[in-house]
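A.B. asks: The structure under discussion is supplied below as structure tokens; questions concerning it will follow.
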């Protein structure tokens, strides 16, 4: 396996020749960076209050369903103390035969109360699930909207696992725990208040003993809150790391097999898996310790209640029915109190998940300060004026004072060694990368003055790494037109891309699904499908980013023929690795270390015997 994976923390790269453990060092560095970035601010009270406000402002948008659910929970809560109250007449009068109608009335009352509680609980749970799922849909919609608007640089960080976890796990935890908190807080609080009322009515002296122990239980719960918050935050981080490691194992399975990377990948996975287990056990330990400690406090109170009750019974101040009713109410109060004390853990998990979700929602979208649209008709003139760019932490400019003009309909090829700045330069045109200096003009209009929608609507891209969506061939081709297009246009585009014959041979023709990552298509077929998509868009400026570099000779020939049709009448910027594909360009610009060192037609550059000639001759010797 490789000694260093791009996009991981700096500590992962071996310094001074030191070899690191690929199953431990990078993951450890990544986890510690995640933890450091996420720890301190989240624990502050203002941040917690802001998270609460943001979560429940979204829940409050569905206040009608919420209010109805609360009323139903109140109805369910009212049945519990009533069941306890029934114990007194049942024992004092029912068994003595003093009131014969109790023989049928009390059993029916018990059944009716339990039935009422079941109905109220069902509909309140349904309404809360309705609220939760609507809020979840809204939050995920906000997250996806922000995801689509993030700058291109944000996607270069390689934190795919963390992003996926935010959508699949964190967003669900926010709404799930938020409604759980409402359910427990409302339902169990009402039950506790009602039962305490019954207890006070039965015997205020016995009730005071119970009330003395409640603050102790609350204090224990608060003591565990901060620890649970930290543990849950680390668990979220480790879940993201686990997702990333598994995702890399799936995507890189061929490399793992060919380079015998089984042991390295097992070590990477075992490290994350074991660390996740440790945090899960810490969380489970804290949760498990909270309940028995609370129960010990309650049991002390129960022991004191029994002692005082026996004393009152001996003096005739307390009947058997009253004591049984009191104990029934007391027995019912334990579970609600337990659920209320456990609420701290759910609150912390909700806040950790909310922090993760809103971190994405609050990220700054790509700058779109332009207000102009390209004047019609769009000609396709492109000019770079002294454009420079340096990536953060780089020791030199990736692109340095580059200037050139591409007239409408011209084809200009950018060539040079790897790292010479070709891709960075071209990525500035659609504003995926922003220049640090200089200007880029599209039809004599500075691109920063244009809206992103106007600018990008007049650009098409065909790259080496073709992105196709898990949909039909027709849908992928029609994507270039921004939506559904008629079958005739799709077929025309496929024909121009030399792909129609293949597509017609499929059982469903143009309506055949391409599968995830277009796994059912070959590399050449994917490229030609991307060309058909660009043909449908019919933009005046075309960017070709090493579109044929990964193809075999036959596929390259077919794709090259399709590209020639696509390039006709369009301004084209070509990034080429195979110099044989750019010989017919109107002009070739040779870059080295971010600067233009040569430019001109193919024949002139060969005759000049400079860098271009050196690269060209080197390739043909290799061929």
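Keep in mind that glycine also has a Cβ here, set from the backbone N, Cα and C atoms.
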A.B. asks: What range among 317-337, 338-358, 359-379, 380-400 does Swiss-Prot describe as transmembrane segment?
C.D. replies: 317-337
A.B. asks: Looking at the candidate ranges 24-44, 45-65, 66-86, report the one that Swiss-Prot labels transmembrane segment.
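C.D. replies: So the range that Swiss-Prot calls transmembrane segment is 66-86.
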A.B. asks: What range among 248-268, 269-289, 290-310, 416-436 does Swiss-Prot describe as transmembrane segment?
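C.D. replies: Checked against Swiss-Prot: transmembrane segment maps to 290-310.
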A.B. asks: Given the binding-site residues 416, 419, 421, which one has the fewest other C-beta atoms within 10 angstroms of its C-beta?
C.D. replies: 419
A.B. asks: Per DSSP, to which secondary structure element type does residue 421 (ATP binding site) belong, with helix, strand and coil as the options?
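C.D. replies: Reduced to three states, the DSSP call for residue 421 (ATP binding site) is coil.
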A.B. asks: Which residue among the binding-site residues 418, 420, 423 has the fewest other Cβ atoms within 10 Å of its Cβ, if you could check?
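C.D. replies: Relative to the other binding-site residues in 418, 420, 423, 418 has the fewest Cβ atoms within 10 Å.
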A.B. asks: Near residue 422 (ATP binding site), how many other Cβ atoms are within 10 Å of its Cβ?
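C.D. replies: For residue 422 (ATP binding site), the count of other Cβ atoms within 10 Å is 26.
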A.B. asks: Check the domain 'ABC transporter' (382-618) for me and report the mean pLDDT.
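C.D. replies: That region's mean pLDDT is 87.
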